[in-house]
């Protein structure tokens, strides 16, 4: 009797699942953003999600689950039902740096997800206090190399983008400045503007207004091309520094086991959002970079995650950075 | 000066449009309701309502969100006064005398003076932002880690002064609070401390969880074990609004509270939390009869409430003039601005004058609306106290649980309120006061992080705290305050010796 009931229940589930796939989505979709509302990843998620909602005909509801450098929210997302109704916005930290920073991480960025697609990247800017005694990136790098731990580098806490990219920067230029941790970018910027700390690396959306306002100076942008938001700031390559090209990318993931039709449907909505003029403009206004069509596929996102884990793990391990 | 008036005029012309007035009212109303519900703070509400503002004009959206923020400050005092639950760090002080007033049947007076004091403070703070916002920004920038550490030390001394009974017990509570604040992931090294490997502790203990447990739940437990006191709250309702005598006692504390709160609100890193504590300390020190404090002194409600609201308002200064958020709510406002295509920064004032001046004008309008919303509500709230306690306390408990769950969606948070409730009950029974513990908890993190930051920057030299003039001055004030706080008890100790 019980077996029959079970079989019936299983059958019922299977048919309802099949139906669900056919006319997915039938109810609102939750998108977990693993950071507090208001940060760059949250803003990108909301802008992209807004447009995707219209394509899918169902609202994408952003749920902010902050904590432990974003890994709390992503852990929850990875363990959610793979039915397409829970997706998440991962980023460079949660799907690149996290395995090195959190030895007890409960998910594997390259194995436990069904990648949907890359949403937007925000380039990293190398900025310093207004009075920093250097004119250009070359002079800046020389100064940091020569003065070593006399130079203070600010970052927004272990596991933050500014922390990982800052460590990467110091490993590229082979210098060891003193690290000063802040709780978030705001307080760090405040002390950078007050001449208390010397430099930091952070996402363009966080620091560009202060550069435009002349409160801090920018030495270079760590991308292949200049940003329209700050056309006067040279790329790292132009300024003579090789090997430091880094961007805080944000990408949509679903839990592993999400049916391929649903993945395809979500990807389609994402691609459509990224080609929408209004959405594009809002992302570009933030200093964001829209991925090329080739970069928008699930397969290329999978590759990106694998290459990012491979890139960040040795850099962060060598610096002895861990969050446990 | 002419500029200021034409700018303000421009601001009012934007804030007074039908749509923006409606949005300001909606924000204030939602904020008040949210503030009254224990646990559901402005952060959770603004985050939830952010998507709804997508379709609005940026100025209107921000006016509404700002309304929620200061509306919640008003509403938070209501819960603190009526049921002794501080929704936020800034209303901890209000519970001390506000709830005592309610117990004496003066809940209406307490709520009324809180609303009127807040309105006055809000008006002054709006003028301060409009006239001095830009120059005051520099104050935020000269405050580095060393200054911040010294300010927090001064804050801890306030906690000693707050205590009603034994100074030793107060210090023990402060230290316990500081210890509790060290739970979680260490900022500099990323090591987990005192988490016992439990993942939900890795980001530390939430203030709302601790406050709700140690104040709210503990208060319920205490009320349930002795019956007479709670009947007092129910029977005597008394006057609904403050009378001339109340105003005579309150106007100076409101003025002083406004000044202190407005200054501390400008500081980065959430200096505004210190405002109400500083105001309370000052009123207690200036009072002819300090022993009235903690037993329902109206000055102990009027001053801190004014400081709270002034600080809430002036904390917009770093956001509007620099684009740097001084606390979590302001960080959310930054997000709201960026979503609406306005990148917050030093250029907002020149690039988006509509937003800048419109918001400033709407602050004053919002405060006026809050006064209009809150004064009639006083009667409703006070009548709530008539509800029999055996019906009231399950409702309070339920709202606490829902509120706390809505913040992080963590069942463990709900269990923690229960745990802290029992701890709080035991503390009350042994004559320990929870307020210094909460202040220690709030300041602990800032204290530790800024101490370490300052020492890293000075490469380990303690001189940095004395070499920097502002830091040295703050430490000196702290030392003087501490001596003043300790003197009476030392003298008393000596008197007792003589008596023997």
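Each residue, glycine too, has its Cβ placed from N, Cα and C.
Predicted, not measured: the structure shown is a model, and the values here were computed from it.
The range from B:139-160, B:227-248 that TrEMBL describes as transmembrane segment is residues B:139-160. Given the ranges B:186-203, B:204-221, B:294-311, the record in TrEMBL names B:204-221 as transmembrane segment. Residues 142-143, 146-147, 149-151, 153-154, 156-158, 160-161, 167, 281, 285, 464 of the same chain lie 6 or more positions beyond the ends of the transmembrane segment (B:470-487) yet place their CB under 8 Å from a CB of it. Note: the stretches the transmembrane segment (B:43-70) and the transmembrane segment (B:204-221) are not in contact (fewer than 3 CB pairs below 8 A, sequence gap of 6 or more). Taking Cβ pairs closer than 8 Å, the transmembrane segment (B:12-37) reaches residues 45, 49, 56-57, 59-61, 63-79, 87, 354, 357-359, 361-362, 365-366, 369-370, 373-374, 377, 381, 399, 402-403 in its own chain, all 6 or more past its ends. The stretch in closest packing with the transmembrane segment (B:204-221), judged by the count of Cβ pairs under 8 Å and taken from B:109-133, B:139-160, B:254-278, B:355-381, B:414-432, is B:414-432. For the transmembrane segment (B:254-278), the residues of the chain that approach it from at least six positions outside its boundaries are 89-94, 117, 120-121, 124-125, 128, 136-137, 139-140, 143, 148, 151, 154-155, 158-159, 162, 302-315, 317-318, 324, 326-327, 439, 442-443, 446, 450, judged by C-beta separation under 8 angstroms. For the domain 'DUF112' (B:21-439), the mean pLDDT of the prediction comes to 85. Proximity of distant same-chain residues to the transmembrane segment (B:324-343), defined by a Cβ-Cβ separation under 8 Å and at least 6 residues beyond the stretch ends, is recorded for 42-43, 46-47, 50, 53-54, 58, 61-62, 65-66, 69, 140, 265, 267-272, 315-316, 318, 352, 355.
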